[in-house]
Structures are given as C-alpha cells and as structure tokens.
Amino acid sequence: MTVKTTVSTKDIDEAFLRLKDIVKETPLQLDHYLSQKYDCKVYLKREDLQWVRSFKLRGAYNAISVLSDEAKSKGITCASAGNHAQGVAYTAKKLNLNAVIFMPVTTPLQKVNQVKFFGNSNVEVVLTGDTFDHCLAEALTYTSEHQMNFIDPFNNVHTISGQGTLAKEMLEQAKSDNVNFDYLFAAIGGGGLISGISTYFKSYSPNTKIIGVEPSGASSMYESVVVNNQVITLPNIDKFVDGASVARVGDITFEIAKKNVDNYVQVDEGAVCSTILDMYSKQAIVAEPAGALSVSALENYKDHIKGKTVVCVISGGNNDINRMKEIEERSLLYEEMKHYFILNFPQRPGALREFVNDVLGPQDDITKFEYLKKSSQNTGTVIIGIQLKDHDDLIQLKQRVNHFDPSNIYINENKMLYSLLI
C-alpha cells in the first residue's frame, strides 16, 4: 500500500468537518499593543485558548479518528515534549482508547500532569530520554513490539491536515471582518503546523507571506531547507523552547515547507523570554516559549510590516510557573540588563562599602553576592550579580569593575559558568 505523503486543501476541509464539534474555535484578535508598537495591524490567533491550550489537539484528534476500528482496538502511542501528548491524551479519553505516551524526562512537570489529567485512566505516561528525538526512538521501538499505532506529532499527513484546520478557521474569521493578511508568522518545531497552515494559505490567501519562526538553538527546518537542501539532524540543540526544540524535522513537512514557506527567522531564546514577559505584563497572555515565537519574530520584520496587516499564531500556553525565574534571567541577559562577575575581594573591613561606593552606579542594584573567605590569603572570591537600569551603562560598569579587579571574570560571556547560575 502506498503511503500518502502530500496534503491538499481537500484533506484539510475534511479534517475541519471531523473536528467541528471537537475543537474550540479560538479567537482571532486585533492586538492594540503590538499594532501600536510596530505601526501596523497585528492579529493574534489564540490557540493558547484551545481545550488543551495548544493547536496540537487538531492534528492529534484528526490522525486518531481516521484509524480503523481494528487499529483503534490495539491502542495508540506517541512521543511528545508536551502539547501533542495532551492532544493524544484528550482524544484517547474522548474515544475511550488505550494510549501509551512517551515524553522526555526534561518535560516541564506542568505538561506531564496535564497529560495525565486529560487522559485519566486511558493513558500511561513514560518519561524517557533527554530530548524529543531520544524519546521518539523509544516510542517507536515500543510501538513495534506491542503492535500499536504510533501517532506522529508532525510527520503524518493526517496530523498536518488537522493542524491546517487552524488556517481554514482563521481565514473564515478574517473574511467575516473583511481582513486580508500580508504576513503570517508561525512557529516551527517538527513542521506540522507550518505545513498545514501554508498549504491552505497558498491556495486561499496566496499573497500572504508565510514566515516560519524557529528558536536559534534548534533551527532544524532552516538548516535543512535553506542551508543543506535536505533533511539533516542537528547534532546539538538548545532545549529551552521545548515545544519547538526538534533536532530533525519530518520528511513530509520538509517537502511542504520547502515549497510553501517564504522565509525563516531564527529568534534568540532570550528574545523569546522577553516576549513572554511582555505578553504577560502588557496583554495578560500566558504564552509558553514556543507560543511566543511568532510574536518574537516581529522585531526582525519591523521595517517590512510597517503599515501592513499581520497575523501571529500563539500556538500554545502551557507554561510552567516554575520556569519563570529562568525566563526572567534569560530575558535580562538578552536585554543586557543583568551582569555577573567573579572578583578577588580584599579580606578587610570596609571592602564591600568601597566596592559599593566606587563600582556601583547610582541606579545599579546588587542581585547576587556570594563570598568565599580564604583564611590564608589577602583576598577572597566573590560572585556578584549587578542589575542595571539601562543597558548603555554596561561599558562604564565594566571599566569600574576592571579598575577594582583587573583579573575579574565576566560570567555573561562564559556560557558554561553562566549556566551554573540559572
């Protein structure tokens, strides 16, 4: 039997009918803050408000619902960093199927607990591997040994068709408001979302520029399509944007993206953190890192989108509150507002007061101070964190620190040392 490897608008239309009474029609909202910031009209497609707080339910339910009754009776499996797993769990409960869900051990606890909540007694969760790709290998082995049905998170035409229903829904909403999009920004992990969306947009909104957004530490689609012209596996990835940190995209999604995506943007993980905080404080939107990717890319395109109409897909809102400290730290590092140094500190009374008076600026704040006293030496080692009010103050701060201790170590430039602090 020939395996289907292409997706058509007809496939998406059929998926739309299957999902009509299953998924929530999420809002398409004009965002006044972003529109004012970038001097254009910015709409947000709020998939963070979906039943499982991400678009993944669309693809998971569609892929599972097309299985035969015999296949369904054998049970289903999947591998996921979180959101696809929640979609599969929700579907397993809805259709009363047995599911074994494999998740990386690095998956935020919030996502693991949500999978168990949505699936209840229909779902068994297995935590294995440090990355999605390691987790995937375990899931495929288990699926083969137990003759179950693997529900691919992105490299499956039914999954892609399900994700594509988001585009159909979005264009119908835009049409009712007499809106035409000049640009669409959407996150890329394995490529299922961008493949489904771009397939529908190229037929029904061909003048819309499709921009795929990846974290700079896991830009597997860009490296495959643009740099190598073939699917490649990244040897190392930054797992921070966990919903979009995939070392290897799908063969099917690669071909669709290569044909449909107009451009790719790589966004620094620190910029994503700044966007998460900005969206929460300015718009009261709780976005996970992958969910904030599309909005993060607007800064790269601010000259292109001026006066245009733009839509960003907020793909997910499953953020673990326990990660907020790290998110704030990464944002401050990216914005050049917080800086860490290792200093040799004089071991005499009044040394700290001298440091505060001579080194700190009037608006600088000490956020970390760890002192290791050495009884046999004249100096002790200090790790100090300083937060600025303005990143332009950094040059003068460094000059004062160098005068205080010419042998100081600036930790921000040393990824290994910095990783020990957050």
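Using N, Cα and C of the backbone, Cβ positions are placed for all residues, glycine too.
Quantities reported herein were computed from a predicted structural model and do not represent experimental measurements.
When the candidates Ser315, Ser331, Ser375 are compared with the pyridoxal 5'-phosphate site entry in Swiss-Prot, which names Asn83, Gly189, Gly190, Gly191, Gly192, Leu193, the shared residue is Ser315.
Remark: secondary structure over the domain 'ACT-like' (339-413) totals 25 helix, 27 strand, 23 coil, with classes taken from DSSP. Reported as a whole number, the C-alpha separation between Ser315 (pyridoxal 5'-phosphate binding site) and Lys56 (N6-(pyridoxal phosphate)lysine) equals 8 Å. For the pair formed by Gly192 (pyridoxal 5'-phosphate binding site) and Lys56 (N6-(pyridoxal phosphate)lysine), distance between Cα atoms is given as 9 Å, rounded to the nearest Å.
Cβ neighbours of Leu193 (pyridoxal 5'-phosphate binding site) (same chain, under 8 Å, six or more residues apart in sequence): Phe55, Phe154, Gln163, Leu166, Ala186, Ala187, Val313, Ser315.
Shown in sequence order, Phe154, Glu214, Ala218, Gly243, Ala244, Ser245, Val246, Ala290 are the residues of the chain, 6+ apart in sequence, with a C-beta less than 8 angstroms from the C-beta of Gly189 (pyridoxal 5'-phosphate binding site).
Listed in sequence order, the residues of the same chain lying 6 or more apart from Lys56 (N6-(pyridoxal phosphate)lysine) and placing their CB within less than 8 Å of its CB are Ser80, Asn83, His84, Gln86, Gly87, Pro153, Gln163, Gly316.
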